[in-house]
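**Student:** Take a look at the following structure, please.
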Amino acid sequence: MQHNSLIARFARGNLVIQILVGIILGISLALVSPSSAESVGMLGSLFVGALKAIAPILVFILVAASIANQKKNQHTHMRPIIVMYLAGTFFAALTAVVLSFMFPTTLTLVTGAEGANPPQGIMEVIKTLLFKLVDNPVNALMSANYIGILAWGVGLGLALHHASDTTKAVFEDLSHSVSHIVRFIIRLAPFGIFGLVASTFATTGFDALAGYAHLLVVLLSAMAIIALIVNPAMVYVKTKQNPYPLVFQCLRESGVTAFFTRSSAANIPVNMALCEKLKLDEDTYSVSIPLGATINMAGAAITITTLTLAAVHTMGIEVDLMTALLLSVVAAVSACGASGVAGGSLLLIPLACGLFGISNDIAMQVVAVGFIIGVIQDSAETALNSSTDVVFTAAVCESEAQKAKG
């Protein structure tokens, strides 16, 4: 009986506080016993694995069900959300350019990224994305190709739009069932994050990052400006309301888990649950959240821009204003295609370096620096990318609700 009441108390507890306790315990264990901390890393791997396993099915079923059950004259407001996604990514690249000029970073270049295979140009990134769009649906689900999953989910949903009510009800019930599984997995987040934090501190330590402190400060400052100034400003323009309660809730409930899982895909179920909690329109968020995990890449744009300009400053290359603006556009477009590149934003750095005539050898050394600081850079980038998906979706839903009220 005591055992059951303990589980019930845990299930009813505040998830954010439980996650914070997990973080503190993880750091403590890493300091006291690094070997034990590495062992509990399996808890983190299991948690991330469970999220990654459920996410493709969740997206496919939710998108198909929401489109199949969509009533006539019901709008999903995707256009303003996509505009906010793209504008936010461009502003992120622009912010990184400004900070990189104000506080120029030079790098001590290292080797170690020779095995990586960056795309040869923007057309290759676009080509990869187009082929992901027409991927086999089973393969898309198996390989977590969200562009393909979205395409097939939308296609099936449109086809089922004319199906019988019984068939539509089956998909609706399936979406509720998958959502229940997601809620159960998210309740286990404190254990997963405890394992992730403990193993990260035990295996990485932070001595390796000390030499790149200046670069990290510029990167994290740009991300903080986007999260705490630019995004709230965009939300205010859209809703004419105080944006900070929404922004802080999204950072707390989406950003924290994204920071430790370091995976936008794994955070899709967390974001879906948060949208449900915020009582947003399911037809809208079931499409906008997985789409955001694919194209809303403010953090990636900052990483590409900052590391490229660090390479430029290291090589002593002069950059004029127009080239810097062009870099912002290239970084924003490349970042939107980051999901089409194995290795994500870091492997798009050589593409941006090509603007300045920097050789591939040097560019790959900059990528290696990115891998060294990745434990912080990738975590912060994912937290910004993923929490922004909910911020912008909620802003548009609120704005459209205001218009409907007149």
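Glycine too: its Cβ is placed from the backbone N, Cα and C atoms.
Swiss-Prot lists these features:
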TRANSMEM  15-35  transmembrane segment
TRANSMEM  47-67  transmembrane segment
TRANSMEM  81-101  transmembrane segment
TRANSMEM  140-160  transmembrane segment
TRANSMEM  191-211  transmembrane segment
TRANSMEM  215-235  transmembrane segment
TRANSMEM  289-309  transmembrane segment
TRANSMEM  315-335  transmembrane segment
TRANSMEM  362-382  transmembrane segment
**Student:** With the transmembrane segment (81-101) as the reference, which stretch in 47-67, 140-160, 215-235, 289-309, 362-382 has the largest tally of C-beta pairs below 8 Å?
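**Tutor:** When the Cβ pairs under 8 Å are tallied, 289-309 comes out ahead.
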**Student:** Could you pull out which residues elsewhere in the chain have a CB under 8 Å from any CB of the transmembrane segment (289-309), counting only those six or more residues past its ends?
**Tutor:** 59, 63, 78, 81-82, 85-86, 88-93, 95-97, 99-101, 104-105, 146-147, 149-150, 215, 218-219, 222-223, 226, 264-265, 267-268, 271-272, 275, 319, 327-328, 331-332, 334-336, 338-339, 344-346, 348-349, 352-353, 355-356, 366-367, 369-370, 377, 380-386, 388-390, 392-393
**Student:** Six or more residues out from either end of the transmembrane segment (15-35), which same-chain residues have a Cβ under 8 Å from its Cβ atoms?
**Tutor:** 186-187, 189-202, 252-253, 256-257, 260
